[in-house]
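Right, one structure below, let's go through it.
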């Protein structure tokens, strides 16, 4: 066995020489998918088109073949390199070989693992690992914790020298990280695009380390070197080679821009074109096979790029005289290959899979020896560790993730404390009399409601990290069930802290029963109920593939469970058709248990206004001539048990039954979540182009109009860009860290400058500093354009193509370019000329065929290479004076990379100045650059100057100083390796450069360029911050957003469906409300229920808003395309038509079913107020989102603001008269929901003629000699209500005679108050939208320019 120091990682320490080896055989494999080459993007109307559904039923969807008749065999110890252009089927083949077939409709042919077919191989899922291109990890975990988790789930039973599992994990972690060169990152967070962590190249190596930790005999790698510099990429290929040689691994990989150093490590090569095999055989023969066919491989070119270029007519080089003899199409190449000797020998060299049963037997024994002793004796498991050990590992990791995201935890706990303080002060010191009879159930229902709303954020959270779960499930690290149970376990301590803080504050502030047993009963029930709700919303997320559907269901469930929790409508009052929901609601059981726990054993005194009649002339204490209006009362005493029995049908005996039911629901939701995650399929499949509906594919035309001629002739002003003595410092662990050190350089018009260096040298940092994209740190030195300081218009007049291609997915290519041109070219340029220039750029970048294609997202939209071209186009249509590009060829295949550089060369030859960071360039790509700026570690310069013809100038420089380049080596790779110390004797290249003549010449040239720029008499400074007016920006962004909404049917339809369903549900819940005393309360709750349409809609709206904000902040704000005011203005205005539509639908489905007045003036007023509410909650949600750092933060903040702030103080939960004076005197009047409810409630109550049901009447006797009418005359003169029979002596009294009497208890003293409140609601809508602008302004302040001195 090899030692770790030699760079080989061997985790297989099984005894008796058991090794895991498998031969991978695939014969005549073909793959079919239903996705066509191009599809039409969905719109609001298209998804509702019945013809689509009918077509689907008929099965008329076309099929497409993405792999055809592919065969091969990879034996243990061998490495196969799969090559092909994007779309040729490389990734699809790798998915099939890794036994990941779910994303394909049909896979024909045979795939064998040893002697097993693909069905039998499923039980060895973790022995066939697939590493895809994506580097998605939990960003708040360190590299150490990420690796330890992977290894913890792969600890074999038998370990060398009796080594403990902890020592084993530690040793293997060190070996793997050392082999990949990232051992120094163990304490660094993995991070992502939002959380700072390791670099992109290091994150890629963490992904590679995770697969290596799995130690599977078959390893399938999809573009594993993307984002790595050439030296690291070659080292990784050598690591795979050692793994294959020493541990007999079977390796299959596809790589883009694979240099010759990588290519030479492989044994066999499989070349694909359009899903067909153009070559399969030994690597040594591949180049000569195509050269013999008549193709020429350029000097210094990557052989891998040459093999894939032969099928590209515009790029291949054919030997003179062979033009008519070489094949052109994929079919011709395949036919030629099948007739070759190489094909015959390859097929004859196959070991028959049927004879490889010994491999499967050895694998079965080896896997069995790995299993822990405690593993359950059942059918062979794909997992190394037992379920209990998986749960342990997942639980530890979950706690580590939470520890890394302390902010969310703190927010949860602080929110609970704030909510409890607010709620406790609302229900402060409840009295033991009938005045608290309405408040006490409110105080008990509040924790149920708050934690219901707060748990909704779990649906959002369940979609974060889903790709990680799918990947690690496939790797066999753990069952999703273990992950699910671990989540449930880690909920417990968080909920304990959260609920304890909440309960202690609320319970004692509200002065609920002062009994330890009752407090702890209250506490444990709220904890169980909270856990149950959290798990329920997590289950919703697990069972839904799309977030839109999950948020819709979440919103509906929160409304349903709120209404049927037993608080708004007691069980006996529920309509029979929805009563069953009560039994399925965990919150209903919690509320019953809390009510019984509080009321049983408690006696309340019946006092006025509930003890009737009262006032002067009536008895002041208990009397047979007075009656109590509270159900379950006897005389002037209300027995708690009798009250909850009469009003709610609750019983003391149900407390622990309810607790048991809640725990049962919790377990059920855990099982449901586990089931959803177990059935969750990994996403994948072929990419598909989406076209705008109504568009046609267009071809380039040669005819041009005079306007187009003018547009092409008018190029941007050509400028020279220089920088000198540039230093950049950032704060790091309380000190300053220098990232750039005395860097200088220049870019002239017509010059293409390459910025190169090893990984972590500061290439992107320098580009960000030069382009004014840094918002922190300190910059020193000079950055000049034409010898003058960068002006205010610099960011707008320069183009910057970032590594991440950030675009609005629903826009077409042409729309994205037109948007940029209209907003970034000066306002005085005619619109026709701008559009003509867009056409010119579309032709220049060869985008004509896809100009009407939607940009989309990877997998459903443009390919990576097409997206790069669109990014370039978006910047070019602005006519920039200078163009910056960060890694434009990263992640592309050789031909696509060549295309991008070819386009840049076109631009440069037209006078454009371009500065471009690049790594892993082939010799052909490097040849296209005019100059090179080389950075060594620490941001220090190692070279700046011309490259020369065939890169001879720069190679001579390094040769003179002791590092000559071998004849066949790629110059770019040689230069980068040399400055990293790969020379015979150590050379300090930074010092060599500082002492060189080349540096002095470059500095002299820089001074000359600056002096020439300053002397330009024609220079006119552009002082405009933005190219166009704010009004024009607003109209353009609004138009784009309206199109985006039209093409986002999921978002809009989910909002519409949520409203329609909630309205019908509410309408039939409160069906034809009557005119009894309790029916007045139902009218109030029907309106109160309408308010709860907001949480679901806000939860769905915020990710949409944040997505748009991220695009704005990542690219459009930095390029000064438009102002943040235009962004917020457009966001608010674009939603308005859909909000009015939603209000209309809700009104139509709810108002009439609930039986509200049909008078036009009343119904019209209600409709108007409902529209205002749509505006109100949307603006509040957008205000939270405008400042929130991410979706989860926003989802956690929603219940705090809506629950603590708005619902609590509007006078419904606690009526105005019973509210604490502290809140009543100011916050009640500042709460927009106060006026919202007032505007709605006054109209539907005022004219109601109340007729009490017999059960609602207060009964008492009149004194001897008096009728009820005579006895109550004084009381009725001052107070509301009526007597059923004034002439009787056994009095029956109803508390209200009209709805107006009830309305006055809610501070609606006059009829006009409802219109007054509607006007105030409108003002609150305006102020809420103003808050959105304010929040964005506060956030925008953070992104300031770094100071330059």
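From the backbone N, Cα and C atoms, a Cβ is placed for every residue, glycine too.
These come from Swiss-Prot:
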- 51-299: domain 'ABC transporter 1' (DOMAIN)
- 144: N-linked glycosylation site (CARBOHYD)
- 407-427: transmembrane segment (TRANSMEM)
- 436-456: transmembrane segment (TRANSMEM)
- 492-512: transmembrane segment (TRANSMEM)
- 523-543: transmembrane segment (TRANSMEM)
- 549: N-linked glycosylation site (CARBOHYD)
- 550-570: transmembrane segment (TRANSMEM)
- 649: N-linked glycosylation site (CARBOHYD)
- 659-679: transmembrane segment (TRANSMEM)
- 721-963: domain 'ABC transporter 2' (DOMAIN)
- 757, 758, 759, 760, 761, 762, 763, 764: ATP binding site (BINDING)
- 994: N-linked glycosylation site (CARBOHYD)
- 1056-1076: transmembrane segment (TRANSMEM)
- 1085-1105: transmembrane segment (TRANSMEM)
- 1121-1143: transmembrane segment (TRANSMEM)
- 1193-1213: transmembrane segment (TRANSMEM)
- 1226-1246: transmembrane segment (TRANSMEM)
- 1287: N-linked glycosylation site (CARBOHYD)
- 1318-1338: transmembrane segment (TRANSMEM)
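Residue 757 (ATP binding site) is surrounded by 26 other CB atoms, counting those within 10 A of its CB over all protein chains shown.
Here the transmembrane segment (1193-1213) sits apart from the transmembrane segment (1121-1143); fewer than 3 CB pairs are under 8 Å, leaving out pairs fewer than 6 apart in sequence.
Remote same-chain partners of the transmembrane segment (1318-1338), defined as residues 6 or more beyond its termini with a Cβ less than 8 Å from a stretch Cβ, comprise 1124-1125, 1127-1128, 1131-1132, 1165, 1168-1169, 1172-1173, 1175-1176, 1179-1180, 1182-1184, 1186-1187, 1232, 1235-1236, 1239. Here the binding-site residues are 758, 761, and the one with the most other Cβ atoms within 10 Å of its Cβ is 761. Here the transmembrane segment (492-512) has Cβ contacts under 8 Å with residues 402, 409, 412-413, 416-417, 419-421, 423-425, 427-430, 440, 443-444, 446-447, 450-451, 518-519, 522-523, 526-527, 530-531, 534, 598 of the same chain, all six or more residues outside its ends. Following the DSSP three-state reduction, the secondary structure of residue 758 (ATP binding site) is coil. In this chain, the transmembrane segment (1085-1105) lies in contact with the transmembrane segment (1226-1246); the count of Cβ pairs under 8 Å, excluding pairs fewer than 6 apart in sequence, is at least 3. Between the recorded positions 144, 649, 759, 994, 1287, the minimum number of other C-beta atoms within 10 Å of a residue's C-beta occurs at 1287. In sequence order, 728, 739, 740, 935, 938, 939 constitute the residues six or more apart from residue 762 (ATP binding site) in its chain with CB-CB distances below 8 Å.
Of the candidate ranges 407-427, 550-570, 659-679, 659-679 has the most C-beta pairs within less than 8 angstroms of the transmembrane segment (523-543). For residue 763 (ATP binding site), the same-chain residues 6+ apart in sequence whose C-beta sits under 8 angstroms from its C-beta are 755, 756, 757, 886, 917, 919, 935. Long-range Cβ contacts of the transmembrane segment (1121-1143) within its own chain (Cβ-Cβ under 8 Å, at least 6 residues beyond either end) map to 796, 819-820, 823-824, 1026, 1028, 1030, 1033-1034, 1036-1038, 1040-1042, 1044-1045, 1052, 1055-1056, 1059, 1097, 1101, 1105, 1108-1109, 1112, 1115, 1167, 1170-1171, 1173-1175, 1178-1179, 1182, 1186, 1329, 1332-1333, 1336-1337, 1340. Secondary structure at residue 649 (N-linked glycosylation site), as computed by DSSP, is coil.
Same-chain neighbours of the transmembrane segment (1085-1105): 453, 456-457, 459-460, 547-548, 551-552, 554-556, 558-559, 562-563, 568-569, 1048, 1051, 1054-1055, 1058-1059, 1062, 1066, 1069-1070, 1073, 1131, 1135, 1142, 1146, 1150, 1154, 1170, 1173, 1177-1178, 1180-1182, 1184-1186, 1188, 1191, 1194-1195, 1198-1199, 1202, 1207, 1212, 1233, 1236-1237, 1240-1241, 1244, counting only residues six or more beyond its ends whose CB sits under 8 Å from a CB of the stretch.
DSSP assigns residue 1287 (N-linked glycosylation site) to coil, not to a helix or a strand.
Closest in space to residue 758 (ATP binding site), of the glycosylation sites given as 549, 994, 1287, is 994, taking the CA atom of each residue. Taking Cβ-Cβ distances under 8 Å and a sequence separation of 6 or more, the neighbours of residue 764 (ATP binding site) in its chain are 803, 886, 887, 917. The number of other CB atoms found within 10 A of the CB of residue 760 (ATP binding site), across every protein chain shown, is 17. Secondary structure at residue 994 (N-linked glycosylation site), taken from DSSP and collapsed to helix, strand or coil, is helix.
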